[in-house]
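Report on one structure; see the data block that follows.
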Amino acid sequence: MSAALRFDNIGKVFPGVRALDGISFDVHAGEVHGLMGENGAGKSTLLKILGGEYQPDAGSVLVDGRPVQFANAAASIAAGIAVIHQELQYVPDLTVAENLLLGRLPNAFGWVKKREAKRYVRERLAEMGVDLDPDARLGRLSIAQRQMVEICKALMRNARVIALDEPTSSLSHRETEVLFKLVDDLRAQGRALIYISHRMDEIYRLCDACTIFRDGRKIASHDALADVPRERLVAEMVGREIADIYHYAPRTLGDVRFSAEGVDGPALREPASFSVRAGEIVGFFGLVGAGRSELMRLVYGADRRRAGALTLDGKRIDVKRTGDAIRHGIVLCPEDRKEEGIIAIASVAENINISCRRHSLRAGLFINGKTESETADRFIQRLKIKTPNRRQKIRFLSGGNQQKAILSRWLAEPDLKVVILDEPTRGIDVGAKHEIYDVIYRLAERGCAIVMVSSELPEVLGVSDRIVVMREGRIAGELPRADANEHAVLNLALPQTSAVEAA
């Protein structure tokens, strides 16, 4: 039986980097084919070739046994292919309905039939079990809701081949289950699916087969994934055994370094209070919509507080905007690193040196290009940032390497006291996670107070000294590491009316 989709000896080269080297594998109708590998292994590059964004330098793509060449994304869509990238593609000022039907809006004599469009979208969303308001503007939705819109857009095009790149990275448990049901239904309909994820549970739950990438090459393909041990997949991905990804070690903690008392804002149901000691890692866990990120933005001065007091090393501080927080040695690595964490048009070196430049300019000093280059090279080597050189634009790096560059920025900060990390390993492979945890521990050993917001419960349990749990806009409780386990944390995180159902 011929494959619904075949990659035959695909090669792709960028300046200084061989992104793909001789990639070949098949995806069959009625099959979910997992694609795994470290960040920068070439998975997303392959999907961009499939989606018509890039053209291969070698090899060919075959759909139903016929060679195809996609000059652009429109040609790929016309061939019945839908690619849902990790970097979402939408128009923020348009509604859900308008985004879903972009380029296909029903019209008469040049006038869009909005009522007909909304009715059609509402019916299709109901069929897929997705709860979204067709009139809501995309720019006002959460990242999780925007991701569901992208997934629904592909499904509404009735594509025969669907590729999903980290589709659950921002979804809640309930939204993830909706997606899993959609994937199962699509497989039953005979669609061919490619599924990229760093989450082993998802790969084993959804995928029939799996291909492993490393450094742009195919390491292995497994036609019967259920028979392959997880440890083997991890070793194939990273090229080494990782016995304990979290490698937590107890530290001596200092006095309370930072505290927030009675912090309140529009996204919170009640004022929130918490504290962090010097050298302590406090994990914040909660379901999507619990208010964790919103609380951190209030503390950091990114959003206006209605009330609340902040204390640093026993002294009250005034933080009304992000610049105030940074001057006090408080920094935030945001959840949406593409929009808020990196300067996409700048180089890796420039992104790493932002903190150093601020100190130089404040002191009235000239920017020292040689020092900046040495700093960038030191952190590129120290954090194993995969880039052809320091001058590479950071937008061309994988998510994990972008995140390591952001963390390098703050490692270079001499006056750092409080580090807030919002989903620091979202969409990042197991090897890069291991390295990012090293950075977090290094910051804690320097005496920094660390706040880590994460939706991955094993991560929170594995890295944190103490866990604060939020539920529906309020702090539901906290647990010391010794008393924390999945049951105890979820018991605090789940709405009480849904605890039995979710269990």
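Here the Cβ of each residue, glycine as well, is placed from N, Cα and C on the backbone.
As recorded in Swiss-Prot:
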type	residues	note
BINDING	Gly37, Glu38, Asn39, Gly40, Ala41, Gly42, Lys43, Ser44	ATP binding site
DOMAIN	5-240	domain 'ABC transporter 1'
DOMAIN	251-497	domain 'ABC transporter 2'
Around the Cβ of Asn39 (ATP binding site), the count of other Cβ atoms that are within 10 Å: 22
Confidence summary for the domain 'ABC transporter 1' (5-240), mean pLDDT rounded: 86
DSSP state at Ser44 (ATP binding site), helix/strand/coil: helix
